[in-house]
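Have a look at the structure below, then the notes.
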Amino acid sequence: MDQTFQLVSDYSPQGDQPKAIEQIVTGIQNGKKHQTLLGATGTGKTFTMSNVIQAVNKPTLVMAHNKTLAGQLYSEFKQLFPNNAVEYFVSYYDYYQPEAYVPSSDTFIEKDASINDEIDKLRHSATSSLFERRDVIIIASVSCIYGLGSPEEYRDLVLSIRTGMEMDRNSLLRKLVDIQYDRNDINFVRGTFRVRGDVVEIFPASRDEQCMRVEFFGDEIERITEVDALTGEIKGERHHVSIFPASHFVTREEKMKKAIANIEVELEERLSVLRKEEKLLEAQRLEQRTRYDLEMMAEMGFCSGIENYSRHLTLREAGATPYTLLDFFPKDFLLIVDESHVTLPQVRGMYNGDRARKEILVNHGFRLPSALDNRPLKFEEFEEKVGQAVYVSATPGPYELEHTPEMVEQIIRPTGLLDPVVEVRPIEGQIDDLIGQIHDQIAKDERVLVTTLTKKMAEDLTDYLKEIGIKVRYLHSEVKTLERLEIIRQLRLGTFDVLIGINLLREGIDIPEVSLVAILDADKEGFLRAERSLIQTIGRAARNANGRVIMYADKMTHSMEVAINETKRRRQIQQAYNEQHGITPQTIQKRIPEVVQATYAAEETGDYKASSTSSKKLGKKERQATIERVEAEMKQAAKELNFERAAELRDVLLELKAEG
């Protein structure tokens, strides 16, 4: 297999890109540890980094600071590298409430989580790709610095089978159970296997469509085929297949026995400390919880919350650095930190928050002290694990400035687009002025982003604009990742014209259709109106030839002045380049992709709304006709075994009858 990166694109590097690519590639080849690409918004930083990846040909980890941006980057890299392994590694929780204890009210909050099966599959796909090939790009969120199992153990437990191999059926079944696969002859899903006579079908943890069918003749593997799990259609013959463990926290039996013995020793030591301190309730609680976990581990090889025992399972010393996704990469991997001014501070802050919560659990007998070693990396540990890094940002932070005094600048856009014109208008009458601007944009079939300071203001403004007939949506922190990507897609498609947000419209949100960004209360100094935030927000209008920004402010703050001056400086450089090369600015033409399957497939997208009009507006005869129609639809749906739709229609029917 060809293990080189192959960039597939209709474009070649333009403007500042060739120079930036050459500088970064030379830096990597010369062994530079840190480099920063200071790239203005819309200058094609992703395309530049793709060219760098192709040139240096190293396995690459691309870190983003949230799932939305990671999803967007995953889509882009997938298109640019269709022949290579582009993987996605983010937290697999749609919802996550870590276990916690509140001493003041004596409240223990059990861990509660909703795991996104699709993202779990992609995480397994990412780690297995790293062991199978070198042409791998993994797009990850900051969750990649959280503890995973030992990569050596994971690699050693890979089940390698080939045709002609001597192995009886029961040995294969035992080995599958050892690597956390469940036997399920009825519900055949990822991470399970089923048995039919001399045929074993295995559904790898990293797949969701194809399974492996292994056929035995006596004690020999006669045939291996790749099969569509749903239809049973044979997709191809395989002479060799590697089955990777179904859990990243997988341990061999002898190691598990050793780990259990070590946990028992730690438990006894901790119980004696708690009893000496007369913390009898805590001691009893700890003993009960830990003994239950030990029993599960001895019988099943697994328990709920097994990650809290990861130090023992990997036989590490107390306080030792945990294994993370970074350990699954070869030593010479390349790290690219996107929007580094936000991502690096996130990495820095992860350890302390996690530690504070776990210390309370340990002190009150909910966990053993070794649970403190199931943690994210400290920033110094993260630095040690990274060989070479490229930080990418339009507004580099203090860390980048300190480590890369000479930055690689990328200011010219391949499309000739200029940084937007920034205008300052008074706060008085800002909403009326904004409405006038919105109507102008809608007339030109262009979109508007509005950024406010508070959630309440965003909600009130959204309601007010809706009342006067403007198609508007509000993007807030409670909107799920998957929904957020869909909202941005709907804005691009023109389903609505105005998107309002607080801090969600800054880094990396790529919407070429937006030609106006309105910043309300721009003169209120603070995190949301700091110079970096303002430059990033201004950048949202830099992908459209008519891009402009209106700041509503009564005074010119230092942050506003810096942001406006930097925008002017870049605009002058861009204008001079365009005049010299006879370039006319053109809005970026960017395909509107389907929402990335990596983050969306686990969501149910079927629309089960009844086709009735609002019952409030119906007369008596119309209501009766609607009731009959909905009832007929409901019965038809039930006949077709479409029970979700039938249930939805039943609820509508009850409403209609209640109002009658």
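Quick reminder: no glycine exception, Cβ is built from N, Cα and C everywhere.
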**Asked** To which of the residue ranges 92-115, 140-163, 260-283, 452-475 does Swiss-Prot assign the term motif 'Beta-hairpin'?
**Response** 92-115
**Complete:** Per DSSP (helix/strand/coil reduction), GLY39 (ATP binding site) sits in strand
**Asked** For the binding-site residues ALA40, LYS45, THR46, which one has the sparsest Cβ surroundings, going by other Cβ atoms within 10 Å?
**Response** THR46
**Prompt:** Under DSSP, is GLY44 (ATP binding site) helix, strand or coil?
**Reply:** coil
**Request:** On the DSSP side of things, how many residues of the domain 'UVR' (624-659) fall into helix, strand and coil, could you say?
**Result:** 33 helix, 0 strand, 3 coil
**Message:** Could you tell me the mean pLDDT the prediction assigns to the domain 'Helicase ATP-binding' (26-413)?
**Reply:** 90
**Prompt:** Are there any residues in the same chain, six or more apart in sequence, whose C-beta is under 8 angstroms from the C-beta of THR41 (ATP binding site), and if so which?
**Reply:** ALA394, GLN536, ILE538, GLY539, ARG540, ALA542, ARG543
**Prompt:** Which chain neighbours of the ATP site, leaving out GLY39, ALA40, THR41, GLY42, THR43, GLY44, LYS45, THR46, have a Cβ atom within 8 Å of the mean position of the site's Cβ atoms?
**Reply:** THR48, ALA394, GLN410, ARG413
